[in-house]
Amino acid sequence: MPQMIQRRVTKRITVRGLGLGGDEPVRVQSMTSTHTTDIRATIDQIKQMEAVGCELVRLAVPDNLAVEAFAEIRQQTDLPLIADIHFDYRLALAVMDAGADKIRFNPGNIGGPDRALIIAKQAAQHGIPLRIGVNSGSVEDALLEKYGGPTPEALVESALRHIELLSTVHDIQLVLSLKASDVFTAVMAYRSISEKTDWPLHVGITEAGTPFSGAIRSAVGIGTLLAEGIGDTLRVSLTGSVIEEIRVAWEILRCLGLRQRGVTLISCPTCGRTDVDLIPIALQVEEKLKSIREPIKVAVMGCAVNGPGEAREADVGVACGKEEGLIFRGGEIVRKVPEASIVKELLSEIERFRRELQAAAG
């Protein structure tokens, strides 16, 4: 798919050697749901996150015990680790010494500009970027009073105040986020800030919701921004599995043609023309293909109307008819298989295609 999106030009920063902003691709990140002090569980989850495409991992650091655990976790993964800090600026200082690659803090609850500057000066000395995480739930009281609530204007003014403050620190590296649970508020805030600064933007919808509603709200909000060229890294926030957060994030990027990873599955919604039990077939195929990293387009179609055409446009596909299916590969029919063998035969053909991709890549 040709990329039609003209991305906004931003400064490039690095997080443990990983480029963010500039000409770098939109990076996918998420946050562990374990207690950071449960070192084994946290490391196991980080490995699972990495396996499905997470590129930066954020960990909660609520106290000094979490700082100590962070230092141990840092030794057991090569992924960039971001420390999430609230309320106590001293935790930010300590976790930098423990190996944090980036600090996320909320200017609305860190204790004032003097403490924010202390964090910024040490971060600059360590070469560690800071994310100014403005959130609609913790905007400064003065701005809430000025604007009558956590409006887009309030979020933007909060961010600009802290950009102005922290930019006084030599060699500072910043990332900005202006998150709200209301999609419209978030989109308007990001649009506005993108016109006022060239620091990289971390985009997301905070507290988006359960996997169903949260994925939709995130896709609408994040997708709108990315389609307008706004956003250098993203996190999908769901009340559910962090693995699903990462999968949804990659699906948003795939849909927009910004990045390709893993299988793109297209399947028809079924109708009165469908002569096979297509829904379980599509679900089985999707489940089996979750771990594939190669960018492969797969079609699972249920009848002779759109089925053959859609299947031909995919790398591998099946067009189902009465008690049978036609397996397609590169636009050509490979073979006809009985309904009971559709999943097995389709997966077999996908695996052959995948091995050929791997061989071609060396």
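Cβ atoms here come from the backbone N, Cα and C positions, even for glycine.
Database features (TrEMBL):
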| type | residues | note |
| --- | --- | --- |
| DOMAIN | 10-250 | domain 'IspG TIM-barrel' |
| DOMAIN | 265-351 | domain 'IspG C-terminal' |
| BINDING | C268, C271, C303, E310 | [4Fe-4S] cluster binding site |
### Task
Kindly state the mean pLDDT of the domain 'IspG C-terminal' (265-351) in the predicted structure.
90
### Message
I want to check the contact list for C271 ([4Fe-4S] cluster binding site): same chain, sequence separation of six or more, C-beta distance under 8 angstroms. What comes out?
### Response
G302, C303
### Task
Specify all same-chain residues, apart from the site residues C268, C271, C303, E310, whose Cβ lies within 8 angstroms of the center of the Cβ atoms of the [4Fe-4S] cluster site, ordered by sequence.
P269, T270, R273, T274, M301, G302, V305, N306, G307
### Task
Give the residue counts of the domain 'IspG C-terminal' (265-351) per reduced DSSP state, in the order helix, strand, coil.
31 helix, 28 strand, 28 coil
### Query
Near E310 ([4Fe-4S] cluster binding site), which residues of its own chain have a C-beta under 8 A away, given they sit six or more steps off in sequence?
I266, C268, A299, M301, G317, A319
